[in-house]
């Protein structure tokens, strides 16, 4: 990849963010938006209303940052899982992490109400789910990859049944709509509180994955070969799994289940830069952040009512992905 | 080996079934059969689905998903004795409303036949209803009850062809009076509603379209979601009838939908009404007490124009026997200068007239300022 392509790619989320902050149901002039943003750093005389400032600083900004973080996080987690298992089918949703986290959050909404409890439980159950999948699938042992995918399907089925159980007992007026809506994914109530909760975890998990991205390539080698290169395969696998799960569960905790991103973005990245995870992971971060940001901007601004994210990620993502697949043959060799 | 297992399984299943089948159910079954036998006084009544329902007795009434109906029965007949079973959500509304004082006998009604929003047909048969009332849209439950030999009335909650907020309730009262043969209170209700609407229409005739307040009905407000109601829902009917502009309906929102805060800023309503289906109170908006939402820049909040919808004989947002009062109350909130009647006196007079009950000042206050607990719909 040429240098300028690289620069364009990594500037993409930032450029889209700048455009996105000027878009929304509440109309704020673009110049006003820029002034409001600049006024946070430089002393600029206030010519705008309180409301405009709240919209830009308290509603749009945290939401945009979260959308980029979550899009990037889900994509890098998906890319890591795919790279690690050398399997284009796996993603955090398929390994059961997303449904585990979703179960945790539904449980939180049902028992405690909402907020921190739901998000904390999402994390706990997301991690539990991946441990469960690994026990069934036998990670670290000489097990074929399809075992792991099957294990993930089993785990997902189990947690989805538990989610249905929760929906069944939930109060149909107040809690059920909250749970259902949330299961379709939304950043509709994103705030700095959510950002502080999920942001650090996504950054830490993503940072770990980026740091070991070169070694993820080695995980696909036969174990003794990797060992001869001085890499402890077992330990590395767990580091990758833990980091990717941390990222996914943190995302689910604040935005609910956002499907498709973790599956398709890594594919797109591979179509652009090939199979080397050293390149696939950073490119996934840039593309994923940009993609979810675009989706979320559409979700919040096209109609008066919020559109659930998963609907859009699938409706926009699936045909786009289909075309790419036909054109490139998947980029997986 | 396999056969042995099968036999054991079959036997356990039988045993379980036998344990679950309690005696009352059997008795109810027998009684139901007996009822069918004596068809002497059977009458055919057309329900709101256009079905002809054979009715003999009207002494044991059970109501399902049609939540405000127990209060409508009481309103139409002046008696709550007949209500022997109701949906748990109706029960919590009854318990937390003035209806508990007007018709305490209704609190003896059973709620056991609905668990987690699903009707259990055997539990319903235990109560042995003469008539069961259910939402016209819940065809599955209606069919189930009919199959069990229970005369079942399908009743509509919302008729989109009716722009007039009292129409739905009037239709319920008409059905009820046909069943019971008591029409007096129904006629009084129609008269009272027409009178209230006439006064409002007369005063509003002088109001310029540009001066109409922008109104938002907040159906739910929590850290997870902000839900508003728009077109084809009761909120729009109330707003139209009392001379406001439904900002959500104008923006294309239909039914109840989740929106984001930015959209509410864009609407910037002059008045916000909070329904009884959420524990949220006006104070929660004034103090930014919900999630991390900042309400303070909204005009309605700045001018302290956030109102909790009252809860009288039932929640005032959906159809209720207090509907003429809801018209008067909302008209006054929308146009305080035009409608100078004393709402407390209006409520007292209405309750004396319709329910033969003299409200104390505290009781009036509890109607106008319902507690958050009344939103709880499950027990």
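Backbone N, Cα and C atoms are what each Cβ position is placed from, and that goes for glycine too.
Heads up, TrEMBL stuff is auto-annotated, nobody curated it.
According to TrEMBL, the protein carries these features:
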type	residues	note
TRANSMEM	A:6-28	transmembrane segment
TRANSMEM	A:64-82	transmembrane segment
TRANSMEM	A:94-113	transmembrane segment
TRANSMEM	A:120-139	transmembrane segment
TRANSMEM	A:145-166	transmembrane segment
TRANSMEM	A:195-216	transmembrane segment
TRANSMEM	A:236-265	transmembrane segment
TRANSMEM	A:277-295	transmembrane segment
TRANSMEM	A:307-325	transmembrane segment
Top partner of the transmembrane segment (A:145-166) among A:6-28, A:64-82, A:94-113, A:120-139, A:277-295 - counted as Cβ pairs under 8 Å: A:94-113
Contacting positions for the transmembrane segment (A:6-28) when only residues 6+ beyond its ends and CB under 8 Å are counted: 36-37, 48, 51-52, 55-56, 59-61, 64-65, 68, 72, 282-283, 286-287, 289-290, 293-294, 297, 300-301, 304
Chain residues outside the transmembrane segment (A:307-325) and at least six past its termini with a C-beta under 8 angstroms from it: 181, 184-187, 255-261, 264, 267-268, 271, 291-292, 295-296, 298-299
